[in-house]
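Trainee: Feature annotation from Swiss-Prot assigns domain 'ABC transporter 1' to C:13-249. Under the heading ATP binding site, Swiss-Prot lists C:Gly45, C:Glu46, C:Asn47, C:Gly48, C:Ala49, C:Gly50, C:Lys51, C:Ser52, citing sequence analysis as support. Per Swiss-Prot, domain 'ABC transporter 2' is recorded for C:254-503, and the stated evidence type is sequence analysis.
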Amino acid sequence: MADTSLTRAVRWDTVVGALLVVVLLLSFGFVDGFGNALNLSFLIGNTLPIALIALPMTLLVVSGEIDLSVASTAGLSGAVMGALWNQGMTIETIIPICLLLGVVCGLVNGLLVTRLGLPSLAVTIGTMAAYRGIAQIVLGSDAVTDFPSQYLDFAAGRIDGTFVPYAFLPFLVLLAVAVVALHAMPFGRSLFAIGASEEAARFAGIRVKRQKLILFTLTGLMSSLTGVFWALHYASARYDNATGLELSVVAAVLLGGIDFDGGKGTLGGAIAGVFLLGALQNVMSLQDVSAQSQIVVTGVLLVLSVLGPRVARQISLARAGRGAAPAPPSKAPAPTP
Amino acid sequence: ATACGGTTKEDVKDEGGKAAAAGKADPNAATKKGLTVGFLPKQVNNPYFTVADKGGEKALKELGSSYKEVGTSSGTDTAGQVSYVNTLTQQQVDAIAVSAQDPGALCTALKQAMKNDIKVVTYDSDTNPECRNAFISQASADDIGRTQVQQMAEQIGNKGEIAILSAAQTATNQNAWIEIMKDELKDPKYKDVKLVKVAYGDDDAQKSFQQTQGLLQEHPNLKGIISPTTVGIKAAAQYLSGSKYKGKVKLTGLGTPNDMRKYVKNGTVEAFELWDPAKLGELAARTAVALSSGQITGKEGETFKAGAMGEYTIGKNGVIDLGKPTVFTADNVDQFDF
Amino acid sequence: MTHPSDTGSAPVLALRDVSKSFGAVRALRDVSLELFPGEVHALAGENGAGKSTLIKTLAGVHRPDAGHVLLDGAPVVFHGPGDARDAGIAVIYQEPTLFPDLSIAENIFMGRQPRRALGRIDHKATHDATAALMLRLGVELDPDRPARGLSIADQQIVEIAKALSFDARVLIMDEPTAALTGSEVARLFGVVRTLRDQGAAVLFISHRLEEIFHICARVTTLRDGAWIASEPLEGMTEDDLVRRMVGRDLDELYPKQEVTPGERALSVRRLTREGVFTDVSFEVRRGEIVALAGLVGAGRTEVARAVFGVDRWDAGEVEVDGKPLVNGAPSTAMAAGLALVPEDRRAQGLVMDMSIERNIGLTGLRTTVKAGLVDRGAERSRSLDWAVKLQVKYARIADTVATLSGGNQQKVVLAKWLATGPKVLIVDEPTRGIDVGTKAEVHRLLSQLAADGVAVLMISSDLPEVLGMADRVLVMHEGRLTAEISRTDATEETVMAAATGRAAA
Amino acid sequence: MTVTAPEKAPAADVPKAGATRLVDRIFKMRELAILLVFLVMIGITQAGNSEFLSEQGIKDLLLNATILVLVATGQSLVVITRNVDLSVGSTLGISAFAAGTYLQGGGNPVVAVLLAVLTGVGFGLLNGALVSLGQVPALVVTLGTLYIIRGIDSIWVGSRQITAADLPGGFVDFGSGGISAVPWLAMIALAVLVATAYYLKHFGSGRELYALGSNPEAARLAGIPVRKRILAAYTFCGALAGLAGALYLARFGNVDSGTGNGYELTVVSAVVVGGVVFTGGSGSVYGAALGALLLTSINSVLPALGVSSVWVLAINGILLILAIAVDRIVALRVANALKKRNARHG
Ligand SMILES: Nc1ncnc2c1ncn2[C@@H]1O[C@H](COP(=O)(O)OP(=O)(O)OP(=O)(O)O)[C@@H](O)[C@H]1O
Ligand SMILES: Nc1ncnc2c1ncn2[C@@H]1O[C@H](COP(=O)(O)OP(=O)(O)OP(=O)(O)O)[C@@H](O)[C@H]1O
Ligand SMILES: [Mg+2]
Ligand SMILES: [Mg+2]
């Protein structure tokens, strides 16, 4: 496109990042009860599950796929955790088992997508129901709440004297790993290529199917980790834990400027999107904005997130005085065999 | 600790002690004014909870305190509910009246609130006892479970197959009632009544609809359905009234008069019951104020005066019963509007 | 032939002093052009000279920044391709623009299907008209088959059929022959002549100069977006034309160096992919350039794809330097020193939304690594290095390849693969859409690579190129290898005879 | 050009008839696979419970599918253009309530249905305008409008609800009535479905929807009014969501602010199961309708077989995956067979 320089000037992920900073600063200044340690720890703690899943989801979306079963995988690992706990197993064995289960869930998605060539949207809508259903079979209507307090405290507590939840630190490590993997490692580079043109990537010797399989598996792993965290954070393992989380993740990631056609976006943008939504919700609740109005705000924000850059570009183009009729080069139709 | 050094459920049991209700009650303490009580229903925009919370609002106005309502727009967004508890804690309200989506998930947040000197009353749906000061039970589980079986048995002449259409499989109160229904059915006079199935409609109109269809297809000889949930009974009634089963398959359970008026009049339903949700909300509000004023602490045996509603005594585990439910039939249904 | 303007006829379509810029790139600068009825007009220029941009301006895709489009002498403004079409202008774009999910017939008649009562589409009439068009072009394509999976050549044919179906007053063709072999080109020219004689104005672009001389009466030359000349072709030589385009004299077009072939680098034995090609065996030695010739659809591309591993083969084996390759694994083929420049640069060669730098870098993800991370400095210098070596014309190395002209995109694909330093290089139509100057450059490069010991397998539909560059010519016909012809024996006659299956040479 | 290849004999009579018919058959096959899965499922259920296909049973099956069929039909039009409309659930909810409020005040049922459709058209236009004029990703925009419409709906509706008692008896009876086993609502859905399918196949603008989904850039170059078509597809989708809202009201006699919540996922599943591809350009509304029928039937089959509801969700998901996998495998097999048969050589 003619306006590469302009697109770079108004990169949406930086805008989201800036917006997040602005919202935080304004809230510190003007919103009662926002700035204190307790509230900040609430904010971070409640946003963490979304942020955790947003990490692999961003990678997946960059490579042109999607996983809607993440919340169900989280629910399933929570349920299994509860069931095994009820059986009297030690928590130290249970958690690895749950993570392994997540790997299996992700692997199933990945195999269905890569081996059978099914669209990931359809597959994961299916597994979304299947995993949730299995969770229900495993745990039934029980709610397991009596996990050991040192684990609960870790998941819900914060570092003494600060607003930082304990769990935030491991998240930061994971974030750093994901950023490096996506933006600096050959693996991440190949994901962008796969997302932008799977066929061209294959012709460049990139092992498309393998990379995708790895990604789905990682997504499963992170989902189950989130499931374990969720059960401990809320001290409740139920089969319907984290229901609907996938939509929040998708919305946040989209807000962060990740293009669902694949091949575009940055992790920084996605995570900024996650915390922007989290912070806004927190502020709006403190300001007694009703849940319904919050939904509208989220929606408007999403629409603006795509219209905004576009309008900005149009304006700067108009100002440049040259109304070059844009000829967006669409992706070549991929002739699949 | 176990042999391999890990932590198991057994270890936790040992360490667990119950958080005791602190302080001492002074029944004669003055009722405080200018308090703020935050209502956190399972779901905002749910007509049942709206009526209940309106009852609470009215009572608080009378008592000179202020009311606010927050909540999630989905009935299963537990994380959302937790974050609302946090918000209320953050806003330093004096008391929270909450209907819990999950008995355990709210605990950490509610304890956090109690630590910050906020009184916690649960209504309609309880949490674990140690996470709140008192629970307002809409009616004793016993009453609800048994009367519904009695009504159904009477309608089908003490003979035939019946089924239950419940809400979510995890709904605490539903499960308690269902247990009591099963217990009641053990009575020899119901020897010809057979409970063939418990189905779950998840308080979703469409799902409840299809579950009703399924029940009737699976059990062609079904004589009656008990649906102890307002959404379920409404969906079942709508299905029955538009099908060949209308009037042949009996239906009873918990429903609101406004929802059910039409089906009572067109003969789909003979009778159903419910407590007055407004009263439930009112009692929750009054209990909250009484707690904040120090008139009660939530211990068994304490009593307090709940305005025009009369005097209530706190039962075991901090449970306060609202009273017996009302039975609605074609004769009296028009006298109610909620 | 007398020049139409001499006989007093007015231009049907013309450009007057048109300029067009894309950001900082000035693609057209004060260009004028006149198209007369009954005349075939050539447009010549190097890659990126602005030919396609000019065509898109005529077709209403681009709006000129300055200047006018004149239709029958009066200025017009086309608000979109639809307007131009309604004015009787048919366009074949450089890159095929088909609907992969729709049938060939629908592709051709989209938007102007024959109708029945109440505006319903007459499916049968559409089908029959398509079949008639295919007959006219002499190709066997089922009108009802979906466009997905058509080879580039067949796609081009469908594009041509689409343009012909208009009975347009003006026919504009942007490199329609780039993917075609001799027989199809001859057919096409036959049809174009008929149209011309019926009074249509034709604008024709090709980098094969002999084609220009063959069919065109006049030529307009562009250089760097600027108009250089419009003149009759009569009396001009190819060298004259090249000088106009390039601004200097050209090196030899086929600078083939003599080398003595070394040991066997690539050997393919009894390779079969069911229904596509059968029992294909050949070998390529170090230093050799072996051409794979054949008609469109003979299966050459398919063989290359299978050898490189993007398709699986059903039987047979492939060895590089004596080590067998894994079936269906391009990454191991790459590791073994194999490189494939694919025929469809837009779908297979490039990630269109990525920058030049990243596209070239894509094949080096494994090599430009430091401590497990992509070494950005090394990546950039590797990309810059090759972009410069191949004289890619670009504004910034970080621009997306979608903004490059067709020929320059092709150069990026070459750069991407040459940068891997392959032992065996397979190039599928390497000079498709590349201007003469660069073509000579690519040939020099291939020749140099061969001299340095690389084994080159070249698939080309450009017969002079095959004859000029190859040490040996392998000919395929209907999925089988039908002939192997040495450099000395290879002539247009022997190759074509084998390619059409008339003679086993 | 100096070489003129010896010209091949013009291939006058391409063997088109055979190949054509086979190609045709594959396209039908795609829907056939789903139909097969559906019939097998129904067969098994009937064997396990003879009540299942009683008159009432068939009626229920059809009624359950009706609303989803309508919305899926609209959705597939949008998906064919390589877009998506996630806001259909919200649109359905708000249209149903709009119609309900009007009827509650003693309105005319026909006007109420029109009102619902118009509401749907309004939101469809909004989506279409945002997507086509702004040229922005449909997924984001319609996820946005999903929230916006849902929010507006719940602010407007609050805790109000409309129950069967508030509605004219005739309207509610219409929702469950019909001619023997065939409900009125199903007839409406079928009529809409057939008309849409006919339009898509036999009208220029219908084919253009496929074209622009298949390759938007080529569509622009072919002079197709891309924006207008996308706008039209969204409007149609909105209109059907609105109509579905009105039918929902008639069928369930009950609407509140939560009506249609989460419906978009079901609709998308139906469309995907029905073989309408998300990258645009292919699929048929019949496929989508079959997908809808399959999906809703799964929900009826399990209770009818007496499967404990604990198992229902898991089985649902597995059946869904099975359906698309079977469909895919059948399609692959057929494509392979065709390739071998059509092979030019060997
Ligand atoms: N959409 C666009 N955005 C930015 N630059 C463009 C765009 N289209 C063309 N250009 C630039 O305009 C110049 C002319 O390109 P054009 O495609 O007209 O060349 P061409 O003469 O057709 O070359 P070729 O022979 O390689 O096809 C090139 O420098 C190209 O990079
Ligand atoms: N991706 C594909 N999917 C399905 N069929 C294909 C595909 N690519 C090519 N074909 C078909 O396979 C046959 C062999 O084509 P191939 O491209 O190998 O021929 P070729 O000799 O290389 O000719 P060309 O000059 O067109 O490249 C043709 O009938 C072509 O239409
Ligand atoms: Mg060009
Ligand atoms: Mg080829």
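In case you wondered, yes, glycine gets a Cβ from its N, Cα and C as well.
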Trainee: Long-range same-chain neighbours of C:Glu46 (ATP binding site), Cβ under 8 Å, sequence gap at least 6?
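Mentor: Expected: C:Arg223, C:Met245, C:Val246, C:Gly407, C:Asp435, C:Gly437, C:Thr438.
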Trainee: Restricting to the same chain and to sequence separations of six or more, state which residues have a Cβ under 8 Å from that of C:Ser52 (ATP binding site).
Mentor: C:Tyr93, C:Gln94, C:Asp174, C:Ile205, C:Ser405, C:Gly406
Trainee: Within the chain of C:Gly48 (ATP binding site), which residues six or more apart in sequence place their C-beta under 8 angstroms from its C-beta?
Mentor: C:Asp224, C:Lys393, C:Leu404, C:Ser405, C:Gly407, C:Asn408
Trainee: Long-range neighbours only, meaning 6 or more apart in sequence with Cβ under 8 Å: which ones does C:Asn47 (ATP binding site) have?
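Mentor: When sequence neighbours closer than 6 are ignored, C:Asn47 (ATP binding site) has C:Lys393, C:Ser405, C:Gly406, C:Gly407, C:Asn408, C:Gln410, C:Lys411, C:Gly433, C:Ile434, C:Asp435, C:Thr438 within Cβ distance under 8 Å.
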Trainee: Residues other than C:Gly45, C:Glu46, C:Asn47, C:Gly48, C:Ala49, C:Gly50, C:Lys51, C:Ser52 within 8 Å, Cβ to Cβ centroid, of the ATP site?
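Mentor: Neighbours found: C:Thr53, C:Leu222, C:Ser405, C:Gly407, C:Asp435.
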Trainee: Taking DSSP as the reference, which of helix, strand or coil describes C:Ser52 (ATP binding site)?
Mentor: helix
Trainee: Same chain only, sequence gap of 6 or more: which residues have a CB within under 8 Å of the CB of C:Gly45 (ATP binding site)?
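Mentor: Result: C:Lys51, C:Thr221, C:Leu222, C:Arg223, C:Met245, C:Asp435.
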Trainee: What binding-site residues among C:Gly48, C:Gly50, C:Ser52 have a C-beta sitting less than 6 Å from any atom of ligand 3?
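Mentor: Checked binding-site residues vs ligand 3; flagged C:Ser52.
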Trainee: If you average per-residue pLDDT over the domain 'ABC transporter 2' (C:254-503), what number do you get?
Mentor: 90
Trainee: Given the binding-site residues C:Gly50, C:Lys51, and counting only Cβ atoms in the protein chains shown, which has the most within 10 Å of its Cβ?
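Mentor: Per the Cβ count within 10 Å, the most buried is C:Lys51.
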Trainee: Which three-state DSSP class does C:Gly45 (ATP binding site) fall into?
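Mentor: Reduced to three states, the DSSP call for C:Gly45 (ATP binding site) is coil.
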